[in-house]
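Participant: Copying in the features that TrEMBL gives for the protein in this structure:
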type    : residues                                  : note
BINDING : Tyr222, 234-238, Trp271, 274-281, 372-374 : FAD binding site
DOMAIN  : 2-134                                     : domain 'Photolyase/cryptochrome alpha/beta'
SITE    : Trp306                                    : site 'Electron transfer via tryptophanyl radical'
SITE    : Trp359                                    : site 'Electron transfer via tryptophanyl radical'
SITE    : Trp382                                    : site 'Electron transfer via tryptophanyl radical'
Amino acid sequence: MPTHLVWFRADLRVHDNIALAAACRAKDANVLALFMATPEQWRQHDMAPRQAALLRAYLNDLQHSLAGKGIPLIYKEVNDFAAQLQTVQEICKQHEVTHLFYNYQYEFNEQQRDRQLEKMLEGVVCEGFDDSVMLAPGSVMTGNHEMYKVFTPFKNAFIKRLKEALPECVAAPAVRGEAIKELPELTFDYPQQPFDEALFPADEKAAIAQLRQFCKQDAGYYDARRDFPAIEGTSRLSACLALGAISPRQCLHRLLAEQPQALEGGAGSVWLNELIWREFYRHLMTFHPGLCKHRPFIGWTDNVKWQSNDKQLKAWKSGQTGYPIVDAAMRQLNETGWMHNRLRMITASFLVKDLLIDWRIGERYFISQLIDGDLAANNGGWQWAASTGTDAAPYFRIFNPTTQGQKFDADGEFIRRWVPELNGIPAKAIHEPWAWADKQRVKLDYPRPIVDHKQARVATLAAYEAARKA
Ligand code: FAD
(Lines of atoms letter the chains of each structure in order from A and count residues from 1; the text may use other names and numbers.)
(Lines give C-alpha, C1' and ligand atoms only; values in the text may rest on other atoms or scores of the structure.)
Protein backbone atom coordinates (compact mmCIF):
# COMPACT_ATOMS: atom_id res chain seq x y z
CA MET A 1 0.00 0.00 0.00
CA PRO A 2 1.47 3.44 -0.91
CA THR A 3 2.06 5.86 1.95
CA HIS A 4 1.42 9.56 1.28
CA LEU A 5 2.89 12.23 3.52
CA VAL A 6 1.45 15.79 3.47
CA TRP A 7 3.83 18.44 4.83
CA PHE A 8 1.74 21.36 6.11
CA ARG A 9 3.32 24.81 6.24
CA ALA A 10 1.35 28.07 5.88
CA ASP A 11 -1.76 26.18 4.74
CA LEU A 12 -3.38 25.13 8.01
CA ARG A 13 -6.76 24.01 6.72
CA VAL A 14 -8.53 20.95 5.32
CA HIS A 15 -10.86 22.69 2.82
CA ASP A 16 -9.41 23.70 -0.53
CA ASN A 17 -5.95 22.50 0.39
CA ILE A 18 -4.46 21.31 -2.91
CA ALA A 19 -1.64 19.21 -1.44
CA LEU A 20 -3.94 17.48 1.04
CA ALA A 21 -6.56 16.80 -1.63
CA ALA A 22 -3.91 15.36 -3.97
CA ALA A 23 -2.56 13.10 -1.23
CA CYS A 24 -6.04 11.78 -0.49
CA ARG A 25 -7.06 11.19 -4.11
CA ALA A 26 -5.87 7.59 -4.14
CA LYS A 27 -8.35 5.69 -1.96
CA ASP A 28 -5.94 2.87 -1.20
CA ALA A 29 -3.12 5.11 0.12
CA ASN A 30 -2.18 5.41 3.74
CA VAL A 31 -2.17 9.19 4.45
CA LEU A 32 -0.05 10.88 7.13
CA ALA A 33 0.32 14.60 7.86
CA LEU A 34 3.30 16.53 9.21
CA PHE A 35 3.88 19.98 10.69
CA MET A 36 7.24 21.26 11.92
CA ALA A 37 7.47 24.32 14.14
CA THR A 38 10.73 26.33 13.88
CA PRO A 39 10.79 28.71 16.89
CA GLU A 40 14.49 29.43 16.43
CA GLN A 41 13.81 30.81 12.98
CA TRP A 42 10.73 32.68 14.15
CA ARG A 43 12.96 34.38 16.71
CA GLN A 44 15.41 35.42 13.99
CA HIS A 45 12.55 36.97 12.02
CA ASP A 46 10.86 38.50 15.06
CA MET A 47 7.52 36.81 14.50
CA ALA A 48 4.78 38.49 16.54
CA PRO A 49 3.71 36.57 19.67
CA ARG A 50 0.07 37.11 18.69
CA GLN A 51 0.71 35.48 15.35
CA ALA A 52 2.39 32.58 17.16
CA ALA A 53 -0.72 32.17 19.35
CA LEU A 54 -2.96 32.17 16.28
CA LEU A 55 -0.71 29.66 14.53
CA ARG A 56 -0.94 27.38 17.54
CA ALA A 57 -4.75 27.66 17.53
CA TYR A 58 -4.90 26.78 13.81
CA LEU A 59 -2.46 23.92 14.29
CA ASN A 60 -4.55 22.31 17.01
CA ASP A 61 -7.70 22.84 14.99
CA LEU A 62 -6.04 21.19 11.99
CA GLN A 63 -4.98 18.25 14.13
CA HIS A 64 -8.61 17.75 15.20
CA SER A 65 -10.00 18.09 11.68
CA LEU A 66 -7.49 15.58 10.30
CA ALA A 67 -8.05 13.20 13.22
CA GLY A 68 -11.79 13.24 12.47
CA LYS A 69 -10.95 11.91 9.01
CA GLY A 70 -8.60 9.28 10.34
CA ILE A 71 -5.41 11.13 9.32
CA PRO A 72 -2.74 11.37 12.05
CA LEU A 73 -0.66 14.56 12.33
CA ILE A 74 3.01 14.08 13.17
CA TYR A 75 4.22 17.16 15.02
CA LYS A 76 7.88 18.16 15.53
CA GLU A 77 9.69 21.19 16.87
CA VAL A 78 13.02 21.72 15.07
CA ASN A 79 15.67 24.43 14.84
CA ASP A 80 15.99 25.31 11.19
CA PHE A 81 15.48 24.25 7.58
CA ALA A 82 18.38 21.78 7.69
CA ALA A 83 16.71 20.06 10.63
CA GLN A 84 13.39 20.09 8.78
CA LEU A 85 14.96 18.29 5.83
CA GLN A 86 16.58 15.71 8.07
CA THR A 87 13.30 15.13 9.90
CA VAL A 88 11.38 14.61 6.67
CA GLN A 89 14.01 12.16 5.55
CA GLU A 90 13.72 10.19 8.81
CA ILE A 91 9.92 10.17 8.72
CA CYS A 92 9.94 8.98 5.12
CA LYS A 93 12.23 6.12 6.08
CA GLN A 94 10.36 5.20 9.24
CA HIS A 95 6.91 5.16 7.61
CA GLU A 96 8.05 3.90 4.20
CA VAL A 97 6.63 6.99 2.53
CA THR A 98 6.23 6.65 -1.22
CA HIS A 99 4.91 10.16 -2.03
CA LEU A 100 5.44 13.56 -0.42
CA PHE A 101 2.90 16.36 -1.02
CA TYR A 102 3.29 20.02 -0.08
CA ASN A 103 2.17 23.49 -1.08
CA TYR A 104 4.86 25.89 -2.27
CA GLN A 105 6.08 28.80 -0.21
CA TYR A 106 7.48 31.63 -2.30
CA GLU A 107 10.06 33.10 0.07
CA PHE A 108 13.61 32.62 -1.22
CA ASN A 109 14.94 30.37 1.58
CA GLU A 110 11.83 28.22 1.54
CA GLN A 111 12.15 27.74 -2.22
CA GLN A 112 15.80 26.75 -1.84
CA ARG A 113 14.85 24.30 0.90
CA ASP A 114 12.23 22.64 -1.29
CA ARG A 115 14.67 22.28 -4.16
CA GLN A 116 17.10 20.57 -1.85
CA LEU A 117 14.33 18.35 -0.50
CA GLU A 118 13.41 17.05 -3.93
CA LYS A 119 17.05 16.20 -4.64
CA MET A 120 17.55 14.57 -1.28
CA LEU A 121 14.59 12.21 -1.09
CA GLU A 122 15.59 9.27 -3.20
CA GLY A 123 12.77 6.94 -4.08
CA VAL A 124 10.06 9.31 -2.82
CA VAL A 125 7.89 11.07 -5.39
CA CYS A 126 7.67 14.78 -4.45
CA GLU A 127 4.73 16.89 -5.58
CA GLY A 128 4.50 20.63 -4.92
CA PHE A 129 1.47 22.86 -5.60
CA ASP A 130 0.66 26.54 -6.07
CA ASP A 131 -1.91 26.74 -3.33
CA SER A 132 -1.49 30.06 -1.52
CA VAL A 133 -2.36 32.03 -4.67
CA MET A 134 -5.25 32.12 -7.12
CA LEU A 135 -2.89 32.01 -10.11
CA ALA A 136 0.63 30.58 -10.05
CA PRO A 137 3.61 32.96 -10.22
CA GLY A 138 4.79 32.99 -13.82
CA SER A 139 1.30 32.55 -15.22
CA VAL A 140 0.51 36.29 -15.42
CA MET A 141 3.25 37.89 -17.50
CA THR A 142 3.74 40.74 -19.96
CA GLY A 143 3.80 40.15 -23.72
CA ASN A 144 7.60 39.82 -23.38
CA HIS A 145 7.20 37.05 -20.81
CA GLU A 146 8.39 39.26 -17.99
CA MET A 147 6.86 39.86 -14.60
CA TYR A 148 4.89 43.11 -14.44
CA LYS A 149 6.54 45.93 -12.52
CA VAL A 150 3.36 47.95 -12.12
CA PHE A 151 0.16 46.83 -10.42
CA THR A 152 -2.60 48.05 -12.75
CA PRO A 153 -1.53 46.20 -15.92
CA PHE A 154 -0.83 43.13 -13.76
CA LYS A 155 -4.34 43.36 -12.34
CA ASN A 156 -5.90 43.74 -15.80
CA ALA A 157 -4.01 40.70 -17.10
CA PHE A 158 -4.88 38.80 -13.92
CA ILE A 159 -8.61 39.48 -14.30
CA LYS A 160 -8.46 38.48 -17.95
CA ARG A 161 -6.97 35.14 -16.88
CA LEU A 162 -9.66 34.67 -14.23
CA LYS A 163 -12.36 35.31 -16.81
CA GLU A 164 -10.81 32.70 -19.12
CA ALA A 165 -10.74 30.05 -16.39
CA LEU A 166 -11.54 30.44 -12.72
CA PRO A 167 -9.20 28.47 -10.45
CA GLU A 168 -11.33 25.83 -8.78
CA CYS A 169 -11.61 24.98 -5.10
CA VAL A 170 -10.92 21.41 -4.04
CA ALA A 171 -13.11 19.66 -1.46
CA ALA A 172 -11.94 18.61 1.99
CA PRO A 173 -10.91 14.94 1.95
CA ALA A 174 -13.46 12.28 2.82
CA VAL A 175 -13.16 10.25 6.01
CA ARG A 176 -10.40 7.67 5.44
CA GLY A 177 -10.47 5.67 8.61
CA GLU A 178 -11.57 5.55 12.18
CA ALA A 179 -11.46 8.90 13.96
CA ILE A 180 -8.36 9.34 16.09
CA LYS A 181 -9.15 10.20 19.70
CA GLU A 182 -7.10 11.55 22.58
CA LEU A 183 -5.09 14.20 20.82
CA PRO A 184 -2.24 15.98 22.60
CA GLU A 185 -2.36 19.78 22.92
CA LEU A 186 0.33 20.99 20.51
CA THR A 187 2.53 23.86 21.53
CA PHE A 188 6.03 25.27 20.96
CA ASP A 189 8.76 27.12 22.77
CA TYR A 190 7.96 30.62 21.50
CA PRO A 191 6.33 33.57 23.29
CA GLN A 192 2.61 33.82 22.69
CA GLN A 193 0.21 36.63 23.38
CA PRO A 194 -3.58 36.30 23.50
CA PHE A 195 -5.54 37.73 20.57
CA ASP A 196 -9.16 38.82 20.35
CA GLU A 197 -11.15 35.91 18.91
CA ALA A 198 -14.05 38.22 18.09
CA LEU A 199 -11.76 40.02 15.62
CA PHE A 200 -9.57 37.17 14.36
CA PRO A 201 -11.22 33.78 13.78
CA ALA A 202 -9.36 31.15 15.79
CA ASP A 203 -10.23 28.11 13.66
CA GLU A 204 -10.99 27.16 10.08
CA LYS A 205 -14.75 27.01 10.58
CA ALA A 206 -14.82 30.51 12.07
CA ALA A 207 -12.61 31.82 9.25
CA ILE A 208 -15.04 30.46 6.63
CA ALA A 209 -17.98 31.94 8.55
CA GLN A 210 -16.28 35.36 8.64
CA LEU A 211 -15.58 35.17 4.91
CA ARG A 212 -19.21 34.28 4.17
CA GLN A 213 -20.56 37.08 6.30
CA PHE A 214 -18.19 39.67 4.85
CA CYS A 215 -18.94 38.73 1.23
CA LYS A 216 -22.68 38.76 1.86
CA GLN A 217 -22.99 41.89 3.98
CA ASP A 218 -19.96 44.10 3.42
CA ALA A 219 -18.05 43.35 0.21
CA GLY A 220 -20.56 45.33 -1.88
CA TYR A 221 -19.92 48.47 0.21
CA TYR A 222 -16.18 47.93 0.58
CA ASP A 223 -15.24 50.67 -1.89
CA ALA A 224 -17.11 53.34 0.07
CA ARG A 225 -16.04 52.19 3.54
CA ARG A 226 -12.57 50.72 3.31
CA ASP A 227 -10.59 53.91 3.97
CA PHE A 228 -12.17 54.91 7.26
CA PRO A 229 -10.55 53.24 10.26
CA ALA A 230 -13.42 54.06 12.63
CA ILE A 231 -15.69 51.78 10.56
CA GLU A 232 -15.45 47.97 10.39
CA GLY A 233 -15.35 48.20 6.61
CA THR A 234 -12.74 45.58 5.74
CA SER A 235 -12.77 41.80 6.07
CA ARG A 236 -10.09 41.28 8.75
CA LEU A 237 -9.19 38.05 6.98
CA SER A 238 -5.49 38.87 6.50
CA ALA A 239 -4.31 36.73 9.42
CA CYS A 240 -6.35 33.72 8.20
CA LEU A 241 -4.88 34.19 4.72
CA ALA A 242 -1.32 34.61 6.00
CA LEU A 243 -1.42 31.32 7.94
CA GLY A 244 -3.63 29.57 5.42
CA ALA A 245 -6.79 28.96 7.48
CA ILE A 246 -8.59 30.01 4.29
CA SER A 247 -7.40 30.17 0.70
CA PRO A 248 -7.58 33.04 -1.80
CA ARG A 249 -9.63 30.77 -4.10
CA GLN A 250 -12.23 30.36 -1.37
CA CYS A 251 -12.32 34.17 -1.09
CA LEU A 252 -12.76 34.53 -4.84
CA HIS A 253 -15.58 31.99 -5.11
CA ARG A 254 -17.45 33.28 -2.09
CA LEU A 255 -17.14 36.83 -3.41
CA LEU A 256 -18.51 35.85 -6.82
CA ALA A 257 -21.35 33.87 -5.22
CA GLU A 258 -22.50 37.00 -3.36
CA GLN A 259 -21.28 39.73 -5.75
CA PRO A 260 -21.54 38.24 -9.26
CA GLN A 261 -20.40 41.47 -10.95
CA ALA A 262 -17.07 41.65 -9.10
CA LEU A 263 -15.05 40.42 -12.09
CA GLU A 264 -16.78 42.95 -14.34
CA GLY A 265 -15.90 45.97 -12.21
CA GLY A 266 -19.25 45.93 -10.33
CA ALA A 267 -19.94 45.61 -6.58
CA GLY A 268 -17.16 43.71 -4.82
CA SER A 269 -14.55 44.49 -7.48
CA VAL A 270 -12.51 46.75 -5.20
CA TRP A 271 -12.19 43.98 -2.63
CA LEU A 272 -11.08 41.66 -5.42
CA ASN A 273 -8.39 44.24 -6.25
CA GLU A 274 -7.01 43.90 -2.73
CA LEU A 275 -6.78 40.14 -3.13
CA ILE A 276 -4.91 40.77 -6.38
CA TRP A 277 -2.47 43.10 -4.58
CA ARG A 278 -1.70 40.14 -2.37
CA GLU A 279 -1.03 38.02 -5.45
CA PHE A 280 1.06 40.77 -7.06
CA TYR A 281 3.50 40.90 -4.16
CA ARG A 282 3.76 37.09 -4.03
CA HIS A 283 4.44 36.83 -7.75
CA LEU A 284 6.94 39.68 -7.54
CA MET A 285 8.85 38.00 -4.72
CA THR A 286 9.41 34.86 -6.78
CA PHE A 287 10.93 36.91 -9.61
CA HIS A 288 12.91 39.27 -7.39
CA PRO A 289 14.37 37.20 -4.55
CA GLY A 290 16.31 40.29 -3.36
CA LEU A 291 13.00 41.48 -1.87
CA CYS A 292 13.20 38.59 0.63
CA LYS A 293 16.57 39.97 1.68
CA HIS A 294 14.94 43.38 2.17
CA ARG A 295 16.71 44.99 -0.77
CA PRO A 296 14.91 47.92 -2.36
CA PHE A 297 13.35 47.37 -5.75
CA ILE A 298 14.67 50.75 -6.93
CA GLY A 299 18.43 50.40 -6.43
CA TRP A 300 19.37 54.06 -6.01
CA THR A 301 17.13 54.40 -2.95
CA ASP A 302 19.78 52.40 -1.07
CA ASN A 303 21.85 55.60 -1.17
CA VAL A 304 19.41 57.56 0.97
CA LYS A 305 21.19 58.74 4.13
CA TRP A 306 18.77 57.53 6.79
CA GLN A 307 18.66 59.18 10.19
CA SER A 308 19.33 57.29 13.35
CA ASN A 309 17.24 58.76 16.14
CA ASP A 310 16.30 56.32 18.90
CA LYS A 311 14.10 58.81 20.71
CA GLN A 312 11.96 59.48 17.66
CA LEU A 313 11.84 55.79 16.76
CA LYS A 314 10.65 54.98 20.26
CA ALA A 315 7.99 57.68 20.03
CA TRP A 316 6.77 56.23 16.72
CA LYS A 317 6.65 52.67 18.06
CA SER A 318 4.77 53.61 21.21
CA GLY A 319 2.31 56.05 19.62
CA GLN A 320 3.75 59.23 21.16
CA THR A 321 4.66 61.29 18.09
CA GLY A 322 2.21 64.10 18.77
CA TYR A 323 0.37 63.39 15.50
CA PRO A 324 -2.96 61.92 16.66
CA ILE A 325 -3.74 59.69 13.65
CA VAL A 326 -0.23 58.20 13.71
CA ASP A 327 -0.37 57.58 17.45
CA ALA A 328 -3.87 56.07 17.39
CA ALA A 329 -2.75 53.71 14.63
CA MET A 330 0.42 52.59 16.40
CA ARG A 331 -1.53 51.96 19.58
CA GLN A 332 -4.09 49.89 17.65
CA LEU A 333 -1.19 47.82 16.30
CA ASN A 334 0.49 47.37 19.68
CA GLU A 335 -2.72 46.48 21.48
CA THR A 336 -4.45 44.25 18.92
CA GLY A 337 -1.77 43.03 16.50
CA TRP A 338 -3.62 44.55 13.54
CA MET A 339 -3.74 47.95 11.88
CA HIS A 340 -6.13 49.30 9.28
CA ASN A 341 -4.61 49.51 5.77
CA ARG A 342 -4.99 53.29 5.44
CA LEU A 343 -3.18 53.65 8.75
CA ARG A 344 -0.39 51.27 7.71
CA MET A 345 0.24 53.65 4.82
CA ILE A 346 0.12 56.75 7.05
CA THR A 347 2.38 55.36 9.81
CA ALA A 348 4.87 53.87 7.34
CA SER A 349 5.03 57.15 5.44
CA PHE A 350 5.55 59.03 8.72
CA LEU A 351 8.48 56.85 9.79
CA VAL A 352 10.21 57.07 6.43
CA LYS A 353 9.28 60.50 5.10
CA ASP A 354 8.85 62.54 8.31
CA LEU A 355 11.51 60.89 10.47
CA LEU A 356 13.73 59.75 7.58
CA ILE A 357 14.25 56.41 9.32
CA ASP A 358 15.13 53.37 7.17
CA TRP A 359 11.94 51.60 6.02
CA ARG A 360 13.48 48.24 6.96
CA ILE A 361 13.33 49.20 10.64
CA GLY A 362 9.62 49.82 10.32
CA GLU A 363 9.14 46.66 8.28
CA ARG A 364 10.71 44.62 11.06
CA TYR A 365 8.74 46.36 13.78
CA PHE A 366 5.47 45.63 11.97
CA ILE A 367 6.39 41.93 11.67
CA SER A 368 7.15 41.84 15.40
CA GLN A 369 3.60 43.05 16.15
CA LEU A 370 1.31 41.96 13.31
CA ILE A 371 -1.00 38.99 13.72
CA ASP A 372 -1.16 38.92 9.90
CA GLY A 373 2.60 39.37 9.35
CA ASP A 374 3.43 38.21 5.83
CA LEU A 375 6.81 38.83 4.21
CA ALA A 376 5.53 39.58 0.70
CA ALA A 377 2.66 41.89 1.70
CA ASN A 378 4.62 43.64 4.44
CA ASN A 379 7.69 44.21 2.30
CA GLY A 380 5.47 45.35 -0.59
CA GLY A 381 3.58 47.76 1.66
CA TRP A 382 6.73 49.23 3.17
CA GLN A 383 8.47 49.63 -0.15
CA TRP A 384 5.32 51.25 -1.53
CA ALA A 385 5.23 53.74 1.35
CA ALA A 386 8.98 54.42 1.13
CA SER A 387 8.84 54.89 -2.67
CA THR A 388 11.57 52.27 -3.04
CA GLY A 389 9.42 49.56 -4.61
CA THR A 390 7.48 48.69 -7.74
CA ASP A 391 4.56 50.88 -8.57
CA ALA A 392 5.65 53.13 -5.72
CA ALA A 393 4.24 56.55 -5.26
CA PRO A 394 7.04 58.80 -6.53
CA TYR A 395 9.28 59.83 -3.66
CA PHE A 396 8.14 63.43 -3.86
CA ARG A 397 4.58 62.43 -2.98
CA ILE A 398 4.58 62.63 0.81
CA PHE A 399 1.58 62.03 3.10
CA ASN A 400 0.72 64.88 5.41
CA PRO A 401 -0.26 63.19 8.71
CA THR A 402 -2.58 66.02 9.70
CA THR A 403 -4.60 66.21 6.49
CA GLN A 404 -4.71 62.39 6.28
CA GLY A 405 -6.32 62.40 9.72
CA GLN A 406 -8.76 65.16 8.70
CA LYS A 407 -9.74 63.25 5.59
CA PHE A 408 -10.09 59.73 6.92
CA ASP A 409 -11.09 60.28 10.56
CA ALA A 410 -12.80 63.63 10.17
CA ASP A 411 -14.52 63.83 13.55
CA GLY A 412 -11.73 61.99 15.36
CA GLU A 413 -13.82 58.96 16.35
CA PHE A 414 -10.97 56.54 15.77
CA ILE A 415 -8.42 58.83 17.42
CA ARG A 416 -10.54 59.15 20.56
CA ARG A 417 -10.82 55.36 20.80
CA TRP A 418 -7.03 54.91 21.00
CA VAL A 419 -5.77 58.24 22.34
CA PRO A 420 -8.11 58.97 25.27
CA GLU A 421 -5.87 61.89 26.31
CA LEU A 422 -7.55 63.84 23.49
CA ASN A 423 -11.15 63.10 24.53
CA GLY A 424 -11.91 66.62 25.63
CA ILE A 425 -10.84 68.28 22.38
CA PRO A 426 -13.51 69.34 19.85
CA ALA A 427 -13.63 67.34 16.59
CA LYS A 428 -12.43 70.26 14.49
CA ALA A 429 -9.28 70.71 16.55
CA ILE A 430 -8.40 67.07 17.26
CA HIS A 431 -5.91 66.70 14.41
CA GLU A 432 -3.79 69.63 15.67
CA PRO A 433 -4.17 69.40 19.43
CA TRP A 434 -1.06 71.52 20.05
CA ALA A 435 -2.64 74.50 18.26
CA TRP A 436 -5.87 74.10 20.24
CA ALA A 437 -3.98 73.81 23.53
CA ASP A 438 -1.99 76.98 22.80
CA LYS A 439 -5.15 78.88 21.95
CA GLN A 440 -6.98 77.68 25.04
CA ARG A 441 -3.86 78.12 27.15
CA VAL A 442 -4.19 74.61 28.55
CA LYS A 443 -1.58 71.94 29.07
CA LEU A 444 -2.34 68.58 27.46
CA ASP A 445 -1.22 65.22 28.75
CA TYR A 446 -0.12 64.48 25.19
CA PRO A 447 3.20 65.24 23.41
CA ARG A 448 3.71 68.10 20.99
CA PRO A 449 4.72 66.94 17.45
CA ILE A 450 8.19 65.40 17.49
CA VAL A 451 8.89 66.89 14.05
CA ASP A 452 7.57 69.77 12.03
CA HIS A 453 5.99 68.14 8.97
CA LYS A 454 6.81 70.98 6.57
CA GLN A 455 10.49 71.02 7.52
CA ALA A 456 10.71 67.23 7.51
CA ARG A 457 9.23 67.15 4.03
CA VAL A 458 11.89 69.50 2.69
CA ALA A 459 14.69 67.47 4.35
CA THR A 460 13.33 64.20 2.96
CA LEU A 461 13.02 65.53 -0.55
CA ALA A 462 16.63 66.72 -0.35
CA ALA A 463 17.82 63.33 0.99
CA TYR A 464 16.05 61.40 -1.79
CA GLU A 465 17.25 63.84 -4.43
CA ALA A 466 20.85 63.51 -3.22
CA ALA A 467 20.55 59.72 -3.26
CA ARG A 468 19.15 59.74 -6.79
CA LYS A 469 22.07 61.81 -8.03
CA ALA A 470 24.73 59.88 -6.12
P1 FAD B 1 -9.13 43.66 3.32
O2 FAD B 1 -9.17 45.11 3.00
O3 FAD B 1 -10.40 43.00 3.65
O4 FAD B 1 -8.45 42.93 2.07
C5 FAD B 1 -8.63 41.53 1.81
C6 FAD B 1 -7.32 40.81 1.78
O7 FAD B 1 -6.52 41.26 0.70
C8 FAD B 1 -6.47 41.04 3.02
O9 FAD B 1 -6.87 40.18 4.06
C10 FAD B 1 -5.07 40.76 2.51
O11 FAD B 1 -4.79 39.37 2.48
C12 FAD B 1 -5.15 41.26 1.07
N13 FAD B 1 -4.65 42.64 0.98
C14 FAD B 1 -5.36 43.77 1.19
N15 FAD B 1 -4.60 44.86 0.92
C16 FAD B 1 -3.40 44.41 0.56
C17 FAD B 1 -2.18 45.04 0.16
N18 FAD B 1 -2.06 46.36 0.07
N19 FAD B 1 -1.12 44.26 -0.12
C20 FAD B 1 -1.20 42.91 -0.06
N21 FAD B 1 -2.33 42.26 0.30
C22 FAD B 1 -3.42 43.00 0.60
N23 FAD B 1 -0.97 42.62 4.72
C24 FAD B 1 -0.73 41.41 5.26
O25 FAD B 1 -1.51 40.47 5.05
N26 FAD B 1 0.39 41.20 6.02
C27 FAD B 1 1.29 42.20 6.28
O28 FAD B 1 2.30 41.95 6.95
C29 FAD B 1 1.03 43.48 5.74
N30 FAD B 1 1.86 44.53 6.00
C31 FAD B 1 1.60 45.76 5.45
C32 FAD B 1 2.48 46.83 5.68
C33 FAD B 1 2.26 48.08 5.11
C34 FAD B 1 3.23 49.22 5.37
C35 FAD B 1 1.13 48.28 4.30
C36 FAD B 1 0.86 49.62 3.67
C37 FAD B 1 0.24 47.24 4.06
C38 FAD B 1 0.46 45.97 4.62
N39 FAD B 1 -0.43 44.89 4.39
C40 FAD B 1 -0.15 43.66 4.94
C41 FAD B 1 -1.57 45.03 3.48
C42 FAD B 1 -2.91 45.46 4.14
O43 FAD B 1 -2.74 46.57 4.95
C44 FAD B 1 -3.56 44.34 4.96
O45 FAD B 1 -3.60 43.15 4.20
C46 FAD B 1 -4.99 44.69 5.36
O47 FAD B 1 -5.01 45.87 6.12
C48 FAD B 1 -5.58 43.56 6.18
O49 FAD B 1 -6.87 43.85 6.59
P50 FAD B 1 -8.12 43.07 5.99
O51 FAD B 1 -7.91 41.61 6.10
O52 FAD B 1 -9.34 43.64 6.64
O53 FAD B 1 -8.03 43.48 4.47
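Glycine is no exception: its Cβ is also placed from the backbone N, Cα and C atoms.
Can you tell me where each of these features sits in this structure?
Facilitator: Of all the Cβ atoms in the protein chains shown, 16 others lie within 10 Å of the Cβ of Arg236 (FAD binding site).
A coil conformation is recorded for Trp306 (site 'Electron transfer via tryptophanyl radical') in the three-state DSSP classification, outside any helix or strand.
Non-local neighbourhood of Trp359 (site 'Electron transfer via tryptophanyl radical'): Ala348, Leu351, Val352, Trp382, Gln383, Ala385, Ala386, Thr388, each in the same chain, at least six residues away, with C-beta under 8 Å from its C-beta.
Every protein chain considered, the tally of other Cβ atoms within 10 Å of the Cβ of Trp382 (site 'Electron transfer via tryptophanyl radical') stands at 25.
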Participant: Applying a 10 Å Cβ distance cut-off over all chains shown, what neighbour count does Tyr222 (FAD binding site) have?
Facilitator: 23
Participant: I need the most crowded of these recorded positions: Trp271, Trp306. Count other C-beta atoms within 10 angstroms of each C-beta and give me the top one.
Facilitator: Trp271
Participant: Give me the CA-CA distance between Trp271 (FAD binding site) and Trp306 (site 'Electron transfer via tryptophanyl radical'), in Å, as a whole number.
Facilitator: 35
Participant: For a quick check of packing: other C-beta atoms within 10 Å of the C-beta of Glu279 (FAD binding site), how many?
Facilitator: 21
Participant: Just the recorded positions from Tyr222, Ile276, Glu279, Trp306 whose C-beta lies under 6 Å from any atom of ligand 1, please, or none if there are none.
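Facilitator: Going through Tyr222, Ile276, Glu279, Trp306 in sequence order, none turns out to be close to ligand 1.
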Participant: For Asp372 (FAD binding site), what is the tally of other C-beta atoms lying within 10 angstroms of its C-beta?
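Facilitator: Taking all protein chains shown, Asp372 (FAD binding site) has 23 Cβ neighbours within 10 Å.
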